[in-house]
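For 32-52, 58-77, 89-112, the entry in TrEMBL reads transmembrane segment. Look at TrEMBL and you will find 174-244 tagged as domain 'Tyrosine specific protein phosphatases'.
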Amino acid sequence: MNKMFEEERILKGLFLERLNRMGVDDRRTDRFMNFGFLILAIAFLLTATAVIHQGWWWLLLWPAFSFGVVAAGYFYLGPRVFGKSERGLLAPLNRLILLPYLLYLNGIWYLLRLVRPEPAINALTETIFISRRLLSNELPEQIEHVIDLTCEFSEPEALRSGGYDCFPVLDRAVPTVEDLRIWIEKTAALEGPLLIHCAEGHGRTGVFALALLIYTGHSKTPEAALQFIQSKRPLVRLSREQWRIVQEFSKTI
């Protein structure tokens, strides 16, 4: 019996090692739910601080509620908690309610932008580009269509002024295979250079770009698509859940 468990442990280790070599990060498997718990814990901490100290500390209930709403998105409500429209803008009421969280999120994003040694944009092919979230002056002139996978940021007007589609997905989350196929079919029908982006241009962008390369026949397998994308943008890595969705999608082609 012990020998059987030992063999199972070894096989699992080899499987996880193979995933990591392919750019599938096993350590990110549960980060989606862990992130939800982290946000919820911050909400409880802020609430407890307000209750204990009272007075002006009651103002902490606003950020506490803000973080609590986002946590609800991760556990049940999904990306609609941000109220992002097809035009790429967060609803005014949602922005007001979530302002403390959005300030925190933007602060983290700008910090990573400064310290991470990575190009904003990478070309996969002559017509497919992937990137992090771009500022208004960073969009290349040749881009005719923008595919926005974020739900937590309003898109700059410069990126919405041409062809634009918003397919909102929570950070660290995955779309359903059905939604992914609908989005990919719509994107594949576009003509001209297009840009795919999420917040950092790694997880959500990686999933979408892999699916698009497979659907258009550029790559025959998910493994080949991931290897190709990482040759252009090395920091692209998928969680096991993201990898599972890509594999399921590839079976529908």
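Residue positions begin at 1 at the first shown residue.
Cβ atoms are placed via backbone N, Cα and C, with glycine included.
Looking just at the domain 'Tyrosine specific protein phosphatases' (174-244), the mean pLDDT is 96. Secondary structure of the domain 'Tyrosine specific protein phosphatases' (174-244) per DSSP (helix as H, G, I; strand as E, B; remaining residues coil): 41 helix, 6 strand, 24 coil.
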